[in-house]
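Enquirer: I'd like to ask some things about the structure below.
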Amino acid sequence: MKGLAAALLVLVCTMALCSCAQVGTNKELCCLVYTSWQIPQKFIVDYSETSPQCPKPGVILLTKRGRQICADPNKKWVQKYISDLKLNA
């Protein structure tokens, strides 16, 4: 069962990774699609907010493995992760 959960997490992360796109010449990342799953907080090490030039707001969560996952900044779990990361900075 743990193997299935791990495989599902990898699949979700891969799908979320494909939801970031570069905009403009300054290589700013924008979120086209947000992850539909709450990523376990223990995997998140940093975050960045997308540029105001992006079509919609987003938070790019950085995982321990260096993957970037787009998340909805209005979700409570995303706001909690950001708050916790700021406290531990």
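Note that Cβ sites are derived from N, Cα and C of the backbone, with glycine treated the same way.
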Enquirer: Among C54, C70, which cysteine does Swiss-Prot link to C30 through a disulfide?
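Expert: So the cysteine that Swiss-Prot bonds to C30 would be C54.
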Enquirer: Disulfide-wise, see what Swiss-Prot says C31 is paired with, picking from C13, C70.
Expert: C70
Enquirer: So of C30, C31, C54, C70, which of the disulfide-bonded residues has the fewest other Cβ atoms within 10 Å around its own Cβ?
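Expert: C54, out of the disulfide-bonded residues C30, C31, C54, C70, has the fewest neighbouring Cβ atoms within 10 Å.
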